[in-house]
Amino acid sequence: MLAYLFPGQGAQSEGFLHRLPQRACVDATLNEASQVLGLDVLTLDTHDALRSTVAVQIALVVAGVATVRALASEQLQARFNAGLSVGAYAAAVSCGALAFDDALRMVRRRAQLMEAAYPSGYGLAAVSGLNEAQIEQLALTHEHDGYTRVYVGNVNALRQIVIAGADDALEAFIERALANGARKATRLAVGVPSHCELLAPAADELLAYAATVPFHVPHSTYVGNRGGRPLYTADAIREDLALNMRYTVRWFDALTAMHEMGARVFVEAPPGQVLTDIARESFPETPALAASATGFDALAATIRRRLDAIA
């Protein structure tokens, strides 16, 4: 069975919306997004535009939904849908739980709240080679030594952890992690402290907004961020989307859940391939494909071939 993976903030690259498949359904998706938002979405992937949390988050969701629609035009549909952070909104559209126009408006509100809460001085860092317990212990020591607290934001793999916090605390934590056995530690291109208690007030505001947005029972499986487990009701998906900025993203658990439920081909929506690499490392026997790494025709053919091989 096919699983779609939708990346979060940090995966963006200049011009990525312009590299989407040349398909009528993709053009229609871009036009629809532009009409809903009252702007040309193709202006959101410039170097300058991508400095904005609002532009990045909207553009990532547009790219994800456009890719889903392009694959649907080739009679390819996912049984499982999961998105990391803002990618979860594209997953919700893909599974039918949320209309595209409502997703765009909610993502814009989400990004505005996050950006307003922390317009500068905060962000994320990725640490590879240490597990969550080791990171948590280092974070406690870090705080004891006088630094502002840092938080576990994402558990992307067993030894690939994203932390959130203030810039100076993150920079010092990177040095601490490397000195304590981390294989790699680096800042991410994200300007807000996602997925921690620092965003609790913003999450509460978004939850109130989400109460006005219609959600639906999904027609395929949606796997949530906070628990890394499938969610089957409209209300559960609404809450997961609204509150995921506040809680740790359990991406490895989500990936594991999909694999345990029968996912045998993973496909990552543009623009990156970080989620593809994580899937390959975590489940090397299961094909994982990055849509941005190959031409669309070749991608569709490869997906069919992989699915046929396990039928």
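Glycine is treated like the rest: Cβ placed from N, Cα and C.
As recorded in TrEMBL:
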type: ACT_SITE; residues: S85; note: active site
type: ACT_SITE; residues: H195; note: active site
type: DOMAIN; residues: 5-306; note: domain 'Malonyl-CoA:ACP transacylase (MAT)'
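S85 (active site) counts 27 other C-beta atoms within 10 Å of its own C-beta, drawing on all protein chains shown. Taking a C-beta cut-off of under 8 angstroms and a sequence separation of 6 or more, H195 (active site) has the following same-chain neighbours: S85, Y151, G153, N154, V162, A164, N244, M245, R246, Y247, T248, V249.
Regional average pLDDT for the domain 'Malonyl-CoA:ACP transacylase (MAT)' (5-306) in the model is 97. In the three-state DSSP reading, H195 (active site) counts as coil.
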